[in-house]
């Protein structure tokens, strides 16, 4: 990496965060779990995951590694570098969803953070595109909740000092911490190879309906993101348009995020991502030059040197917005056959943040489907 992880952490962490407090380096986690009685006899059960974004591949890897007796396939029309995930800033923050128990959201975040932290501290970090990132989240008004539910799960979370806030005169409050940045342009190909190594099979194919999968598979796992509007008939799913720029600014080492989530600067391994937009119900996929100019101006107000950065690329993507992510199972009647379907979609702008956590939940739901499967389908 071009930036120094240790220097980044030291710049924003209190002096009390000593070497003894730092997390130990461990080998990245796998999804292999202790066998559950009765499941090992299900050799040949066919599971299909629909969707090749960060949620889809995370889910596919978890299933393939934990249930090696199943035949696991992943189908998608688009793969990296052409997925919505590829353009994601990929930094781990979280927002509260209104109708999901906070403890479940906390578990999703913790499982994802711990999984990616293992990778960030392993030799796989550069190849997987996962790194530690330190910086500030700043607010123009003091937020009602100064310590969000995820504050104890990131590293060294604290309130910014008055001296630190001086560089942001329009902001009254801030938080400093170290989190993780996951660059999906590297992470998705890395997960792809991990899935293949676990015995998974991949096919590039557009799935127009779950009906067409009913005869070929025993369990369907829907991770199609915005595509679930059609595949699952879910009218709650809607696009949330995002536009970002990748710029060359190697002198920037720390992230800066405005608390409204619309203006941010995220240094990465090869470039700096600046953004952004959050436009509900907007299906436009072309770059809006007026918005690009606005992004540069807003980010320049937080970090003046951004105006001197060379623009490397511009990107637009449609996040799969939903009031709450849908992580649940159902039994669907497909072409006269009752087929268990596990849904894992609707993460909005928090796909990278929650992908591994919801993938583990989806894995648990798949296991439940297998337990309830008629004996003849297991053979």
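Residue numbering: from 1, along the chain as shown.
Each residue, glycine too, has its Cβ placed from N, Cα and C.
Automatic, uncurated: that is what TrEMBL annotation is.
Annotated in TrEMBL:
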type     : residues                                  : note
BINDING  : 84, 85, 207, 348, 349, 350, 351, 352, 353 : FAD binding site
BINDING  : 264, 319, 349                             : D-dopa binding site
DOMAIN   : 46-359                                    : domain 'FAD dependent oxidoreductase'
TRANSMEM : 47-69                                     : transmembrane segment
Integer Cα-Cα distance in angstrom, residue 349 (FAD binding site) to residue 319 (D-dopa binding site): 6
Position of peak Cβ density within 10 Å, selected from the binding-site residues 349, 351: 351
Number of Cβ atoms other than its own within 10 Å, given for residue 264 (D-dopa binding site): 24
Length of the line joining the Cα atoms of residue 264 (D-dopa binding site) and residue 84 (FAD binding site), in Å: 18
Between residue 351 (FAD binding site) and residue 319 (D-dopa binding site), the C-alpha gap once rounded to whole angstrom: 9
Long-range Cβ environment of residue 207 (FAD binding site), under 8 Å and at least 6 residues apart: 50, 75, 76, 77, 213, 224, 227, 231
Cβ neighbour count (within 10 Å, all chains shown) around residue 84 (FAD binding site): 21
For the domain 'FAD dependent oxidoreductase' (46-359), the mean pLDDT of the predicted model: 97
Cβ neighbours of residue 319 (D-dopa binding site) where a neighbour is any other Cβ within 10 Å: 25
Pairwise Cα distance maximum in Å, FAD-binding residues per record: 84, 85, 207, 348, 349, 350, 351, 352, 353: 26
Any further residue of that chain within 8 Å (Cβ to the Cβ centroid of 264, 319, 349) of the recorded D-dopa site: 88, 89, 240, 242, 261, 275, 276, 278, 348, 350
Other C-beta atoms that fall within 10 angstroms of the C-beta of residue 353 (FAD binding site): 28
Residue 84 (FAD binding site) versus residue 319 (D-dopa binding site) - Cα distance in angstrom: 7
Max pairwise CA distance, angstrom, over record-listed D-dopa binders 264, 319, 349: 17
